[in-house]
Amino acid sequence: MPFTLGQRWISDTESELGLGTVVAMDARTVTLLFPSTGENRLYARSDSPVTRVMFNPGDTITSHEGWQLHIDEVKEENGLLAYVGTRLDTEETNVTLREVLLDSKLVFSKPQDRLFAGQIDRMDRFALRYRARKFQSEQYRMPYSGLRGQRTNLIPHQLNIAHDVGRRHAPRVLLADEVGLGKTIEAGMILHQQLLSGAAERVLIIVPETLQHQWLVEMLRRFNLRFALFDDERYTEAQHDAYNPFETEQLVICSLDFARRNKQRLEHLCDAEWDLLVVDEAHHLVWSIDAPSREYMAIEQLAERVPGVLLLTATPEQLGMESHFARLRLLDPNRFHDFAQFVEEQKNYRPVADAVAMLLAGNKLSNDELNRLGDLIGEQDIEPLLQAANSDRDDAQAARQELVSMLMDRHGTSRVLFRNTRNGVKGFPKRELHTVKLPLPTQYQTAIKVSGIMGARKSAEDRARDMLYPEQIYQEFEGDTGTWWNFDPRVEWLMGYLTSHRSQKVLVICAKATTALQLEQVLREREGIRAAVFHEGMSIIERDRAAAWFAEEDTGAQVLLCSEIGSEGRNFQFASNLVMFDLPFNPDLLEQRIGRLDRIGQAHDIQIHVPYLEKTAQSVLVRWYHEGLDAFEHTCPTGRAIYDSAYASLINYLGAPEETDGFDDLITSCREQHEALKAQLEQGRDRLLEIHSNGGEKAQQLAQSIEEQDDDTSLIAFAMNLFDIIGINQDDRGDNLIVLTPSDHMLVPDFPGLPEDGCTITFERDVALSREDAQFITWEHPLIRNGLDLILSGDTGSSTISLLKNKALPVGTLLVELIYVVEAQAPKQLQLNRFLPPTPVRMLLDKNGNNLAAQVEFETFNRQLSAVNRHTGSKLVNAVQQDVHAILQLGETQIEKSARALIDNARREADEKLSGELSRLEALRAVNPNIRDDELAAIDSNRQQVLESLNQASWRLDALRLIVVTHQ
């Protein structure tokens, strides 16, 4: 290589050193000083891994003093270059900048600069970069973006609610599905969409204290959302880091009690500028016109300050009209300000909902019903539609659907309230109860008697709670020497049941963690039964491992022993046998236990086994739950109300189970109350609201589209390629499971989302649902999104050289493959990616400027190419640099037309979509007051900003590949 003192070169292998200067040389070696780091490097002259830095007319360069020069001419004298051009800060022309005075911190970021500086990437990295651009652009455009990445079954009614609400500006809604229909999942899906699209960045979830960990686990396991749990200790710690402790985290969960207990803390919560507030169990917020509770007022304060609010609550019928109004008032106090007016309004909607139910059932409507429908949709001439809907014509069904859609838009609370019932959603299993009456051991009888004498001063409730768990009473007296499991007949029954059903998975739930641990030891030691344990003393990872062991079909645990609290938020649909070793204190907890198996997606009928001891509180509760509430074999929406009204009597019977006088009457009375309340709830069902909430055919199609996306194998191939290039080890474990671990040669030392000890992944939704220790990989998973960011935000794969062996073309023929990106810069919350995500435009140019991209498909072409090592590549580039420059110029002139077409299409689509949505809502505002003024204003403002940002969209060269034809 011809070296001269003062020349500027760049290292091919250590580009981070910046620009080097030749400071010494002899016959065999050359020394380069790299001023930006102060380091020297000694190279062999004959084969040094360095590239001569030469700029061309049109480039802009920086001097060591910081000023910039636009090059007009390049002169060479005695092997040294001088650049002549216009100085940009002073606009002085004909300024000369010698290469020795160039800025040494020079970083080549443009693909063409990297190519000419010898910074040549591997060919597979270029291919990955282009695929990443292509896939990312396609994913942004998907209409159901944000709904595919969660570890859940694809249940239409959940997807419908999440799809509707998740795309709104600052949604304020009430999610009031019946128990078991997945309100938590719906809320998680909405959060996931809002966070992914940038519509929200800061989220606060407020839940009852007992549900904090359940939410933490659900958000992490199902949606890959890492929330921080704030309690007194965490709050105090965070005070050292910030004036407002809640500003130290973006995603926060805390309990309602924690939020309202301290005035300053509540002020900090209100001042923390959340985008979304989620409140679970909102029906426990007590409100009346004269005396709202402190809890209600705390949430009211927050709801006034936070733009988006999701309230998760029991069904409106269970709540009662006043309580239901109180929730709606939190969402929109301007709209729901007068309770009497609200009651009147609701009455007007019932006949309409009934008429629609008849319409959908295919029944003919009376003239009165037709008139009512006509009155409600008064501003349009719908007479022809009504006649078609009420006829036997072929278009009758379509007319009915259109009528229902129009009514839904105008229906009183359908924009703010979503409510699905088990009657309206199919797919639930049957529940079959098997009770096993067992004798009360004498050891327990003695312990109970002594306890009764010693605990005479205890409250009725405490006595009742004690009586539910005789093993605890016995253990208290006997201490560590007490071995209740040696004589308790429930243990013998359980072992017998498990040994006779060895091939079946069984979930055993008991109230206390100690009971679960003792049972595990007995089952293991006596019968060799493989049992996993699951209790609140375990970490989330330990619980995951236990759940995964239970889920394994052949080598896994037969039994999972859960404590009451430990099982919260976990579902085990792959099992259908439930054993309740004891019974919980109230119907809500009973439903929660059965709900671990009774979910949508359960393939078998659920067998509920209740071994109970006679003459104990358990025998009282079994009868009351089953005969009084029918709570074992059916969900019991009336349970809480009847429990509250029968509480005093029930407590007495539980505390003294042998005194049964009047108990039959209590059961009869509770059963009658249950039937009456149930009939009342059924009568109060709002059919129109249910139709709106479950989404009908539209929701089915949405689920089907996502299922088809699940079957697309392109993600698997791309992800494996991505992990290879990042440097992540992959170990295929079979059963559609792969273990990822960090390697020593990764592109970055700590890859975000990959734990130090690695993780197990799967691309199969079914596997992810049964294996909670495996992460479900989709385009929306952080590992994929972080991988895309890592590749696309840097210069990985942005310049490369390949050889094309093709005897039909002359040797030395040049082709340049250019990947341009058309994009618009805007704040994330504008969600510009819906209309113009960063979109790749591929061009394949010969030296005459002919674009062959349409005739030569990327993947086919890529397979025909072979790689060139960096050193040979640098020599090739130097030889054809002028030709490549000329082709680049041709590319710049051709890209404008394609880019402009993309931008114009995006503008047109954005204008049509956003203007259409605005017009629709403005028209409906006249007949449906639930459309908020601030929502309309936000859509209008969003439209203007989106169009303005699209006006300023631009394009840039993102990657290029130089291709040289060879015959060898």
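Using the three backbone atoms N, Cα and C, a Cβ is placed for every residue, glycine included.
Within 10 Å of the C-beta of Leu181 (ATP binding site) there are 27 other C-beta atoms, taking all protein chains into account. As annotated by Swiss-Prot, ATP binding site applies to Asp177, Glu178, Val179, Gly180, Leu181, Gly182, Lys183, Thr184.
Under the heading domain 'Helicase ATP-binding', Swiss-Prot lists 164-334, citing sequence analysis as support.
Annotated domain 'Helicase C-terminal' per Swiss-Prot: 490-644, in sequence order.
Here Swiss-Prot flags 280-283 as motif 'DEAH box'. Residues of the motif 'DEAH box' (280-283) grouped by DSSP class, helix first, strand second and coil last, total 2 helix, 0 strand, 2 coil.
With the fewest other Cβ atoms inside 10 Å of its Cβ, the least crowded of the binding-site residues Asp177, Gly182 in this structure is Gly182. Cβ atoms under 8 Å from those of the motif 'DEAH box' (280-283) belong to residues 174, 183-184, 187, 205-208, 211, 215, 299, 311-314, 318-319, 323, 327, 330 of the same chain, restricted to positions at least 6 beyond its ends. The average pLDDT computed for the domain 'Helicase ATP-binding' (164-334) is 88. Take the mean position of the Cβ atoms of Asp177, Glu178, Val179, Gly180, Leu181, Gly182, Lys183, Thr184, the recorded ATP site; other residues of that chain with a Cβ within 8 Å of it are Glu186, Asn420. Taking a C-beta cut-off of under 8 angstroms and a sequence separation of 6 or more, Val179 (ATP binding site) has the following same-chain neighbours: Glu591, Gly595, Thr635, Pro637.
In the three-state DSSP assignment, the secondary structure recorded for Glu178 (ATP binding site) is coil.
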